[in-house]
Each structure stands twice: as structure tokens, then as C-alpha cells.
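A.B. asks: First the structure, which I've put down as C-alpha cells, then a few questions once you've had a look.
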Amino acid sequence: MPSPPGLRALWLCAALCASRRAGGAPQPGPGPTACPAPCHCQEDGIMLSADCSELGLSAVPGDLDPLTAYLDLSMNNLTELQPGLFHHLRFLEELRLSGNHLSHIPGQAFSGLYSLKILMLQNNQLGGIPAEALWELPSLQSLRLDANLISLVPERSFEGLSSLRHLWLDDNALTEIPVRALNNLPALQAMTLALNRISHIPDYAFQNLTSLVVLHLHNNRIQHLGTHSFEGLHNLETLDLNYNKLQEFPVAIRTLGRLQELGFHNNNIKAIPEKAFMGNPLLQTIHFYDNPIQFVGRSAFQYLPKLHTLSLNGAMDIQEFPDLKGTTSLEILTLTRAGIRLLPSGMCQQLPRLRVLELSHNQIEELPSLHRCQKLEEIGLQHNRIWEIGADTFSQLSSLQALDLSWNAIRSIHPEAFSTLHSLVKLDLTDNQLTTLPLAGLGGLMHLKLKGNLALSQAFSKDSFPKLRILEVPYAYQCCPYGMCASFFKASGQWEAEDLHLDDEESSKRPLGLLARQAENHYDQDLDELQLEMEDSKPHPSVQCSPTPGPFKPCEYLFESWGIRLAVWAIVLLSVLCNGLVLLTVFAGGPVPLPPVKFVVGAIAGANTLTGISCGLLASVDALTFGQFSEYGARWETGLGCRATGFLAVLGSEASVLLLTLAAVQCSVSVSCVRAYGKSPSLGSVRAGVLGCLALAGLAAALPLASVGEYGASPLCLPYAPPEGQPAALGFTVALVMMNSFCFLVVAGAYIKLYCDLPRGDFEAVWDCAMVRHVAWLIFADGLLYCPVAFLSFASMLGLFPVTPEAVKSVLLVVLPLPACLNPLLYLLFNPHFRDDLRRLRPRAGDSGPLAYAAAGELEKSSCDSTQALVAFSDVDLILEASEAGRPPGLETYGFPSVTLISCQQPGAPRLEGSHCVEPEGNHFGNPQPSMDGELLLRAEGSTPAGGGLSGGGGFQPSGLAFASHV
């Protein structure tokens with residue numbers, strides 16, 4: 001019987017002869033290469049390629065040329081194949097039937113296809129292997145049966161396919177390895193059984209596949225492997241066990257002596273035993289990431305001379321660096337998220353070709369000398385516990401280009417540590433504890449990261465880094481040398497937006513290969529490198545330095561305008577001097593004991609003094625650093641002076657608001673208490689309230705010292721975050737604003753209630769109208785000035801509209817402390833108590849002084865609604881004459897409290913009951929009576945006399961701290 005090539009030749013001759021008319025000349029026309037009507041054909045010599053795909057065919061064209069070598073019927077609507085349909089296509093080498101609706105193929109469907117080498121039946125609905133049909137294909141080399149519904153492969157399915165080299169059975173419903181069926185494929189070189197439901201691989205499953213080179217078993221449910229599962233695979237080079245449920249390391253791979261690429265990532269393997277790859281000396285790549293590996297034998301990776309990539313992530317129990325003896329070709333080593341504490345001193349001797357060393361997220365504390373790893377190009381040591389860099393740690397690494405030491409605890413770096421790194425272009429020292437940075441050897445840097453080193457206030461000139469393009473420093477002041485003025489720098493957030501836009505553009509242009517996950521290489525080109533390339537292409541590349549200076553990070557002046565500077569100094573002088581005068585007159589010249597409201601007003605003056613002192617400290621810093629603030633800005637922000645300034649500012653402002661709230665509530669409560677109980681709250685309770693307010697204000701001021709908020713966020717040392725601050729930094733600011741806003745609401749409610757209660761009774765016995773009016777003025781002024789602060793704070797938090805840093809800075813420097821100087825001015829200019837207290841502080845020139853001053857002072861006081869009558873001048877003269885004619889013996893050493901003069905009236909004049917002047921019915925605030933010049937009632941505020949009086953010719957006889965007299 002002739003061989004297949006012989007048969008092919010015979011059939012070719014027969015086809016050529018049949019194509020001519022018997023005994024005649026060739027006829028004009030399409031000839032033997034006529035193409036079926038719906039298909040597209042292409043000639044290849046005397047052979048024909050017919051493309052009938054995606055035409056919606058429901059049957060195979062019947063007029064196919066016998067010389068067709070390629071036939072594509074994929075993506076049609078074929079549901080069945082008739083026996084003998086392709087019998088005349090003796091020269092057909094490739095037949096594509098994928099993407100149809102074939103559920104069954106009869107036994108004689110492929111009869112006559114002796115030359116067929118490639119048969120594609122994927123993406124159909126086959127429920128089994130068309131074994132009888134395949135027996136007719138002795139030359140078949142590639143068979144695709146993937147993406148069908150095959151659940152069982154009979155023993156004789158591939159019988160007769162002795163030439164088959166490639167077999168696809170993936171994406172089916174197989175539950176076991178078709179061991180017996182595979183025994184008939186001795187020439188098979190590549191097979192995939194992926195995406196099935198296989199749960200176990202028995203021993204000797206592939207023992208007859210001695211020619212197999214590639215085996216894919218990924219995306220199954222494999223939990224166990226037999227010890228001899230891969231026995232007989234003497235030529236296997238690639239084994240894929242990824243995405244399974246393996247519980248143990250596949251020790252069966254030790255029989256694969258020619259294995260070069262091994263993948264078993266995304267399994268449940270927890271340990272890699274000692275000498276795990278002892279039988280695989282030709283291994284080049286191992287992928288086993290995304291496994292819960294907790295233990296790795298120290299000798300697991302020994303004697304793998306061909307291995308060039310090793311990636312091991314998340315093995316938390318690994319505390320010692322693996323012994324890589326004999327693994328001399330390793331180029332990329334990744335051991336992250338493990339527990340490695342120490343690197344062996346001989347590591348570089350074992351790995352002379354190492355180019356990339358990634359040891360991030362470990363517990364390394366000390367580094368050995370890496371000078372023997374002279375081919376190193378990238379080192380990643382971020383997120384470790386390294387505290388020192390020695391002189392020889394990175395010496396002689398002339399090829400090193402990128403060094404990442406971020407998120408460590410590095411305190412010191414030897415001055416010569418980087419001196420030999422001539423190729424270094426990227427250095428990352430973010431979030432360490434550096435105080436200085438040695439510059440030797442860093443002249444070629446293009447990207448330098450130093451953020452998070454709060455103790456590093458060192459200035460970096462342009463001459464230190466002539467090639468620098470991207471600089472990230474702890475403080476914006478260190479960016480000042482890279483711009484001539486504040487306008488040079490971009491507005492806050494502009495660079496960030498451009499970076500994001502650039503990232504979006506480049507990600508769409510970047511090849512897909514760079515976006516795919518590469519377990520062996522985490523150093524794909526990133527945005528920083530892209531920016532470096534773009535900057536190099538510019539004729540005059542500039543340095544992108546962050547964070548950028550601005551109004552809250554000035555380069556030259558803390559106060560950038562003379563208007564703000566003069567306003568701050570005016571606030572300082574007025575607040576300190578005026579509040580000091582208020583404190584002096586209230587506590588040194590006032591009556592004893594002090595009225596409760598007056599005591600609170602004095603406490604407010606003390607709080608305002610603290611605000612003035614804090615503003616004075618800022619003004620002094622501006623004066624001392626005039627024109628060169630960037631040289632001292634970092635030290636000022638991190639120093640004790642800034643924290644003290646912020647503490648005083650918050651303590652003063654919060655105490656002022658809380659004490660003002662207390663004063664308003666005290667006035668309102670006094671009215672209610674007098675009406676209900678006949679007496680007002682005592683001075684002791686008010687003092688307790690003052691202490692509570694001061695304690696609450698002190699707590700608020702101390703929170704930023706405990707890292708709740710921050711005083712050093714800006715050189716103003718206030719916890720109010722600038723507009724570009726992080727949302728987390730705004731939390732403390734918003735809390736303060738909301739608390740103060742609540743206090744002003746309480747104040748408003750208290751005074752509304754107070755004025756509603758005024759017409760309901762006669763409260764002149766406990767009423768000090770001047771102080772109540774003064775508190776009302778304080779509420780109005782302070783509330784009005786606090787509105788811009790609250791508005792800008794909420795606008796920044798909610799993002800209602802963009803707020804310029806200049807506006808925020810002006811409000812914080814001028815508007816926020818303005819009540820500290822306005823409050824005492826209101827007291828000094830409009831409150832009659834100040835003049836009374838000031839007179840008491842003056843030296844007494846004569847005996848009549850105290851009484852005269854008391855009487856004159858009471859004349860200057862006016863009532864809330866003009867119902868408290870003024871004392872007639874004749875009565876004052878009477879008192880003055882009496883004091884000059886005969887001086888009582890005890891009057892010289894007696895200190896009188898402030899005196900309220902109330903006229904006793906006729907008819908229906910008030911009667912004296914004890915120490916109170918009681919009006920008859922119908923005589924209230926709105927119904928005054930004519931006064932009598934000869935009768936006066938002198939009564940001390942807030943005190944009750946025991947008795948006694950002033951007779952016509954006698955002297956004063958005071959009792960206790962108060963006196964009453966009826967003339």
C-alpha cells in the first residue's frame with residue numbers, strides 16, 4: 001500500500017488530470033481554482049485557501065475545489081456534518097469548524113482527509129470526543145477541543161493519532177485526568193487541561209508522554225498530587241499549576257529534570273521544604289506569589305544555576321535570609337512582607353549577577369556591605385527598621401540607579417555613604433529621622449525624596465544637584481532656592497492636578513504589557529521616570545519642588561504686606577495695654593467683693609491679654625526674620641516657641657468665648673433667680689464657672705500638643721488648617737468653630753430671654769445696667785468678628801467655593817484676634833465703672849475723697865429705662881458739706897463699695913424694709929414719681945447692712961461693708 005506522501009502525489013496527479021477536458025484543449029473560464037460563491041478564496045500556487053467564516057452558513061458548501069488546502073468554516077451556524085462531506089478534499093491540511101453549534105460528529109465525517117494536520121473544533125457544544133471521526137486522520141498534529149462540554153474522554157479517543165503534537169482540552173467539564181486515553185499519544189509535545197474540574201492527579205498519569213514539553217493545569221480544583229504524578233515527563237520544560245487548591249508543595253516536580261519554568265501561584269501552599277527544587281537544576285523562573293507561605297527552608301533554592309528570577313511575598317515566618325549557594329545566575333530577587341531581620345555578609349558572593357534587590361516590608365535593622373554586588377541597579381529596602389547607613393554599605397556600586405530607603409528609622413548617614421554612586425538618579429529617604437543629608441556623590445540625582453524627615457531643616461542649593469528635576473522635601477521653605485519669588489511657584493494643588501492628568505494620558509499610551517502584573521519585577525516605568533524624560537526634552541528643564549511655598553509657607557516675610565504687619569502690631573499694643581488697664585482697675589480698684597458680672601468681665605480681659613501676647617510673639621518673629629524667613633521657618637514651626645504661641649492663642653480665644661457665654665448666662669439667670677427666689681447667684685458659683693471655662697479652654701489648647709490637631713501646620717502656629725491642608729487636619733478646626741458657634745447661639749438665646757423678662761418686675765435691687773449693656777456690646781462685636789472665621793472654616797471643609805490662602809491668612813492674623821483689643825476699648829470708653837475704679841486708684845488728696853467720688857460716680861450711671869432717678873445736685877452738695885464740716889472717726893480707714901443712689905418718692909414713696917427700698921403697687925419702671933430733694937437712699941450694691949444710719953448732726957456709722965442712710 002502506498003505511503004501517505006505517495007497517496008498525496010497520486011491524488012494530486014488525478015486531480016490535475018480531471019481538471020482538463022478529455023482530449024481537448026483548455027477552455028476559458030475559472031478553471032480548477034473556482035471559489036464557492038459565498039466564500040473568499042486565495043491561491044497559493046496550485047493550492048487554494050477558502051475563507052467561509054462568519055457567513056451564517058447552515059451547511060458546508062458542496063462545490064469546494066479538490067485542491068483546497070485551507071478551509072475556514074468557523075463562526076457559522078453549522079449543526080451537523082454529513083459523513084463523507086470532505087471526502088474529495090484529499091489535500092486539505094487545516095480545517096476550522098470553531099464557533100458553530102456542533103453537538104455530535106458522526107464517524108465518517110472526516111473520511112478522506114489523509115493530509116489534515118490542524119483541526120479546530122473549539123467553542124462548540126460537543127459532549128464527548130468524536131473518537132470514530134478522529135481515527136480517519138492519520139496526519140493530524142494539532143487538535144483543539146477546548147471550550148466544549150466534554151466531561152469524559154474514553155480510552156480509545158485518540159487511537160491512531162500517533163502524529164498528534166498539540167492537544168487542547170481546556171475549558172471543559174473534565175473531573176479527572178484521561179490517563180488511558182493519553183497513553184496513545186507518544187508524540188504529544190504540548191497539552192492543556194486548564195479550566196476544568198480536576199481535583200486530583202494520580203501517580204504515573206503522564207508516564208507515556210515522554211515528548212511532552214508544555215503542560216498547563218491551571219484553574220482547576222487540584223488539592224493533591226501523587227508523589228509520582230509527573231513520572232515519565234522527561235522533557236517537560238513548562239509546568240503551570242497556578243490557581244488551584246494545593247495544600248502542600250508539589251514534591252512530584254523533583255522528577256522533572258529539564259523543568260525551566262514553574263508556576264504555582266494563587267494556591268494554599270504554606271511551606272516550601274528544604275531542598276524543594278533539588279531535582280530541577282535547569283529552573284529559570286519560579287512563580288509562587290499569592291500563597292499563604294509561612295515557612296521556607298533555608299536550602300530550598302540552592303544549586304539552581306539557571307534561575308534568574310525569584311519572587312517570594314508574604315512569608316511571615318521567614319526570619320533568616322535563604323541560602324542561595326549555587327544559584328549564581330539570579331538577577332531579580334524579591335523577598336517582601338517576610339520577617340527577615342539580617343542579611344548575610346556573603347550574600348553578594350553568592351549572587352554576583354544580581355541586578356534588582358527588593359526586600360521591602362521586612363524587619364531588617366542592619367545592612368552588610370554590598371560592595372561585591374557591583375551589577376546592582378535597583379535596591380528596595382523600604383518599610384524596614386534600618387537606623388544607620390555606614391560608609392561601606394553601598395560603596396563601589398557604580399551601576400546603582402535607584403535606591404529606596406523610605407519608611408525606616410534612619411538617624412544617621414555616613415558622609416561618604418553615597419560618594420561612589422556615580423549612576424544614582426533616584427534616591428528615596430521618605431519618612432526617616434534624618435537631621436542632615438550628606439551630599440557627596442549625589443550630583444547626578446534627578447529625583448530626591450526627603451518628605452517626613454521633620455528634623456531635617458537643611459537647605460539645598462541648586463549647585464548641590466545640577467541635574468535635579470523632582471525634589472520632595474519636608475518643608476516648603478527648602479523649595480525657596482528653586483524660585484525667585486512666591487509667584488514663581490504654582491498655586492497649591494496645581495501640580496497635583498497636572499500629575500493626575502499626565503498619568504491618565506500616559507496610561508492610555510502605555511503598552512498592555514506594562515499594565516499586567518509582573519511578579520518578578522516591581523520596577524516598571526512609573527510616573528516619576530516619565531516626568532524625568534519629559535523634563536529632559538525641554539530646552540530649560542525646571543525643578544519641580546514640593547511642597548510649594550505660598551502665603552502660609554512664605555520665603556521672605558512672615559507677614560507679606562505692611563498693612564497686615566501694622567495691623568498686627570496695633571492689635572498687640574492695644575490688647576496688651578488696654579486689657580492690662582482693665583485688669584488693674586477691675587481687680588485693684590473695684591469694690592470688694594466684686595459683682596459677679598464684673599468679675600467675669602475682668603476674666604475676659606485676662607483671656608484677651610493672652611491673645612495679645614500670642615500675636616506679639618508672631619510679630620516679633622516677623623521682625624527678627626525680616627526678609628529671610630525661609631532660613632528659620634522650619635525651626636520655628638517645629639520649636640517650642642511656635643507651640644507656646646499656638647497654646648496661648650487658642651487658650652485666650654476659647655476662654656474669651658466661653659467666659660462671654662458665662663457672662664450672658666449669668667445675667668439671664670440672675671433675673672430668673674431674683675424673680676423666683678428673691679436673690680441672684682453668688683459670686684462663688686460664678687467663680688466656679690470661670691474656673692470651668694478656663695479648664696475647658698486649656699483642654700482645647702492642649703489637644704494639639706497631644707497630636708489632636710497641629711500647631712506647626714503653618715508658621716502662624718494656629719490649629720486652623722490652611723486651605724490646602726488635608727481633610728484630617730481640618731477636623732480639630734471644625735470642632736473649635738462648631739463649639740464657638742454653639743456658644744454664640746447660647747449667648748443670643750440667653751440675652752433674648754433676658755430682654756423678654758425685663759418688663760415683668762423691678763430688678764433694680766440686683767441690677768447693674770451698665771455691666772449688662774457692656775456684655776451686650778461684647779456679644780455683638782465678638783459675634784460679628786467671628787462670622788468670617790466660621791464662614792471660611794465651613795467653606796474649606798465643605799468645598800463650597802475656592803478660598804484663597806491670602807484671604808484666610810488675613811482673617812487669621814487680623815480678624816481672629818481683633819476682639820482682644822476691641823473688648824477692652826468698649827469697657828474703657830463706654831463703661832462708667834471704669835471711671836469709678838480709676839478714681840479709686842488715684843491718691844486720695846483729702847478726707848472727702850471717697851464719699852465724693854462715690855456720689856459723683858453714681859451720678860454718671862444711667863438706668864436701663866430711665867426709671868432710676870438721678871441724685872439732685874443740692875443733695876450732693878449736702879453730702880460734701882457734711883463731710884467737710886465734721887469727719888467721722890471711722891470714715892478715714894473705711895473703703896466704700898460702689899453706691900447706687902435711689903430717690904425716695906412722694907406720694908406713694910417707696911418704704912424702707914430692711915435694706916431694700918420697696919415701691920408701692922403701681923410704681924414700676926415705666927411710672928416714675930417726682931423726687932424730693934431732701935430725701936436720699938444710699939445703698940451698697942450686693943450687700944445687706946445690719947442697721948444704723950446717718951443722723952442729722954452725727955457722723956457716719958457704717959456696719960460691716962455696707963451702709964444705709966436716710967437724709
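Backbone N, Cα and C atoms are what each Cβ position is placed from, and that goes for glycine too.
As the structure is a computational prediction, the values presented were derived from the model and not from experiment.
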A.B. asks: Pick from Cys615, Cys642, Cys787, Cys821: the cysteine that Swiss-Prot pairs with Cys717 in a disulfide bond.
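C.D. replies: Answer per Swiss-Prot: Cys642.
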A.B. asks: Compare the topological domain names that Swiss-Prot gives for Pro593 and for Ala770, and report whether both residues sit on the same side of the membrane.
C.D. replies: yes
A.B. asks: For Asn208 (N-linked glycosylation site), name the DSSP secondary structure in the helix/strand/coil scheme.
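C.D. replies: DSSP assigns Asn208 (N-linked glycosylation site) to coil.
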A.B. asks: By DSSP assignment, list the helix, strand and coil residue numbers for the repeat 'LRR 4' (163-186), in that order.
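C.D. replies: Tallying H, G and I as helix, E and B as strand, the rest coil: 4 helix, 3 strand, 17 coil.
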A.B. asks: So for Asn77 (N-linked glycosylation site), how many other CB atoms are inside 10 Å of its CB?
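C.D. replies: For Asn77 (N-linked glycosylation site), the count of other Cβ atoms within 10 Å is 12.
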A.B. asks: Which numbers of helix, strand and coil residues does DSSP report for the repeat 'LRR 13' (375-396)?
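C.D. replies: Split into helix, strand and coil, the repeat 'LRR 13' (375-396) gives 0 helix, 5 strand, 17 coil.
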A.B. asks: Take the C-alpha atoms of Asn208 (N-linked glycosylation site) and Asn77 (N-linked glycosylation site) and report the distance between them in angstrom, rounded.
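C.D. replies: Distance between the two Cα atoms comes out at 38 Å.
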A.B. asks: Any residues 6+ beyond the ends of the transmembrane segment (775-795) with a Cβ under 8 Å from its own?
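C.D. replies: Contacts with the transmembrane segment (775-795): 597, 601, 604, 656-657, 660, 663-664, 667, 720, 730, 733-734, 737, 740-741, 744, 747-748, 751, 801, 803, 807-808, 811-812, 815-816, 818-819, 822-823, 826, 830.
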A.B. asks: Give the one range among 568-588, 599-619, 728-748 whose Cβ atoms make the most pairs under 8 Å with those of the transmembrane segment (810-830).
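C.D. replies: Against the transmembrane segment (810-830), the leading stretch is 568-588.
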A.B. asks: Quick test of the contact rule: Cβ under 8 Å, at least six residues beyond the ends. What residues does that give for the repeat 'LRR 13' (375-396)?
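C.D. replies: Sequence-distant neighbours of the repeat 'LRR 13' (375-396): 352-369, 402-421, 428, 522-523.
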